[in-house]
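*Asks:* Feature list, courtesy of Swiss-Prot:
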- Thr197: phosphothreonine (MOD_RES)
- 514-529: compositional bias 'Basic and acidic residues' (COMPBIAS)
- 514-554: region 'Disordered' (REGION)
- 540-553: compositional bias 'Basic and acidic residues' (COMPBIAS)
- 603-639: region 'Disordered' (REGION)
- 612-633: compositional bias 'Acidic residues' (COMPBIAS)
Amino acid sequence: MAKVIGIDLGTTNSCVAIMDGSQPRVIENAEGARTTPSIVAFTDDERLAGQSAKRQAVTNPENTIFGVKRLIGRRINDEHLEKDKKNLPFEIVDGGNGDAWVKAKGETYSPSQISAFILQKMKETAESYLGEDVTQAVITVPAYFNDAQRQATKDAGKIAGLEVLRIINEPTAAALAYGLDKKETRTIAVYDLGGGTFDVTILEIDDGLFEVKSTNGDTFLGGEDFDMRIVNYLAEEFKKENSVDLTQDKMALQRLKEAAEKAKIELSSASQTEINQPFISMGSNGQPLHMVMKLTRAKLESLVGDLIKASIKPCAAALKDAGLSKGDIDEVVLVGGMTRMPKVIDEVTKFFGKEPHKGVNPDEVVAMGAAIQAGVLQGDVKDVVLLDVTPLSMGIETLGGVFTRLIDRNTTIPTKKSQIFSTADDNQSAVTLRVFQGEREMAADNKILGQFNLEGIPPAPRGVPQIEVTFDIDANGIVSVGAKDKGTGKEQQITIQASGGLSDDDIEAMVREAEENAEADKDRKDLVETRNQAESLVHGTEKSLEEHGEKVDPSTVEAIELALGALKETLETDDTAKIKGGIQNVTEAAMRLGEAIYKAEADKAEAAQDGAPEEEERGVDEDIVDADFEDLDDDRKRG
C-alpha cells in the first residue's frame, strides 16, 4: 500500500514526514535539510522552489514569492494586507475574483498555486526517499484558519497532484506527536508561534484520545512580523545617517529581510549581533554606502514586545472557552520557530506559571503529528482518536443584518446542526441565505463564506413558511450548508466556497498546468544531466587521447576526434536526444582506444615475462617458501 505522507505547510518553512514503523520520521530534502523554505521563484526560463529559490532572492526580489500562506483565502481589500503590500518586494494583485493573488514575470498566480509548488517540492522529497509515487497526504493548517483558507489549502493539494485525506490543525498535530506514547491523563496547552500565524489550543490527552477543548489565535501574527520590525528599524537608522530610504529599493529591502531573519535567530543564543551589509546603496555623491550596525537582544525585545504580548490575550481566551484555569494545565508545549526566542519563553512561563516543555523539536513536531494522523487514516496507527473543534462560530444573516449562530466556536467536529427560520415578508417566494463565520454580533462584521438561494416557496404571510437550515462541518473543518422548505420539500445544498475562491475549472486548469510544468521540469533536468555526462565524457576522452593516442592506429584516432567534434556541436543545442546520440558515438569510438591501451600494456607485460631468466624465477620461488619461516611457524604452534 502506498504511503500517506504528512506535510506541515508553513509560512517560512515546510516539512514532510512519514510513519516508519510505530514512530513518525521526518524526511530530509535533496539538500540534506529537514525543513524546506516555503519560497517559490520565477526566473527567465524556470521555476524554483525551496532552498534554490531562497538563494537567488536578493538578485530577483520581484519574482521571489515568500510568506504566501498569509495571503491564502484572503480578499485583496483585507485590512491585514495593506501593511504587507508596502513591505513586500513582489506585487500583490486582484485575481479577478476579489481574491489576493501575486504577480511574477508578468503572470498572476493564486496563493493556492504558489502553495502547490511548495507541496510538489515536499511530495518529490518523500518520493525520492520512498522510491515510489505519493498521491495522498494529510496537510496541516493554523487552527484559526477560516473555511475559505482551509478550502484554498485543500485546493493547493489538488493542484500539486495530492489527494488531501485530511486537513488537520497545527497545534493538534503537535499534540499528537507529543502525546503518542503517553498513557496518563494530561491537559496541555499548545502555544504555536510560527513564521506567519499564531495559535493556542487546549487539549486533554487520555491514553490515545486527543480531545480539543478550545482554540484561539491570530492568522496574521508570526515571525514575518518580527522580521519586519527589525527591517524597519534598520532602514530608519540608515536613513537618519545617510538620508537614503532603503525601503524604496526592492533589492536592498530583500537583503535587509534576510539580515533581519539571521539577526533574530542569532539573538536567541547571543546577547548581541552585528549586521553587516556592504554596498547596500549609493550616496548622492555616487559613493557606495555600507550598513554596519549592532543589534542587541534588549533592543530586539523592545521592538517586538507588543507582538509577544499580543499572543498572550488568545491564551487567556482559550482557557476561558475551555472552562479551565492556568493551574489546570499540566504541560505547555511550544511549537514554531519563534518559540526559541528567550523573551517568548519568558512571557509564556509568566502567563501559565510553569516552564514550558522542551522535549519536542518546534520546527518538526507538526509534520510528525500530520504523519501520525496519516498513519491513523491508513490503519497503521491504532488506538488513537482525535476530536478537534471548529475555531469560529458559523451562522447566517437574519432580519436587520443580525448574525444568527447555528454552530458555536469550539464545537467538536465533525458536527451537524439544524434550525428553523421563516420569511421576512408576505408572499415571499424565495430566500437568500448568506453564510458567515466569526464572533461579531452583526453579520457584516464577520467573514462571509458564501450565499445561495432557495426558490419556489408558496405564497404565504410572513413568518408562516418553515425553512430548515442545516450546517454540516466535516473532519477537515469545511462547511456544507443546506436549506429545505418543510412545506414543499424543496431543498438546496452547497459546499461553501468563498465569494472569491477557485472554481472547479480554475483548479483543473492549474492541475493541468502543474502537470505540464512537472513534465517540463523533468525534461530540463534530463537535459542538464545529459549535458553534464557529455562534458565529462569529452574531457575524459580528450585526456586519454592525449596520453595514449600513439598506441592506436591513426584511423582510430581520427574516428574518435570526429565523434568528439560532433558531440561538441550537439552541446551547443538543447536537443537531449542528439546529445545522447553523440555520447553513444563517442563511447563506441573510445572503446577502441581503451582496447588498444590494455592490449599494449598486456603485450608489454608478456614481453617482460618472456625475457626473465628461469634461474631467477626459481630463486624467487625458493625465497618465498623459506625453511626458516616454516620452522618458526612450527615453534609458535608448539608454544
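Backbone N, Cα and C define each Cβ position, glycine as well.
In the displayed structure, how are the listed features positioned relative to their neighbours?
*Replies:* Around Thr197 (phosphothreonine), the same-chain residues at least 6 positions away in sequence with a Cβ under 8 Å from its Cβ are Thr11, Lys69, Arg70, Pro142, Tyr144, Phe145, Gly217, Asp218, Thr219, Phe220, Leu221, Gly222.
Same-chain residues lying 6 or more positions outside the compositional bias 'Basic and acidic residues' (514-529) and placing a CB less than 8 Å from one of its CB atoms are 46-47, 113, 116-117, 120, 159-161, 574, 576, 579.
Remote same-chain partners of the compositional bias 'Basic and acidic residues' (540-553), defined as residues 6 or more beyond its termini with a Cβ less than 8 Å from a stretch Cβ, comprise 560-561, 564, 586, 590, 592-594, 596-597, 600.
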*Asks:* Tell me the residue counts in helix, strand and coil for the compositional bias 'Basic and acidic residues' (514-529), as DSSP assigns them.
*Replies:* 16 helix, 0 strand, 0 coil
*Asks:* Work out, from DSSP, the number of helix, strand and coil residues along the compositional bias 'Basic and acidic residues' (540-553).
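*Replies:* Its residues divide into 12 helix, 0 strand, 2 coil.
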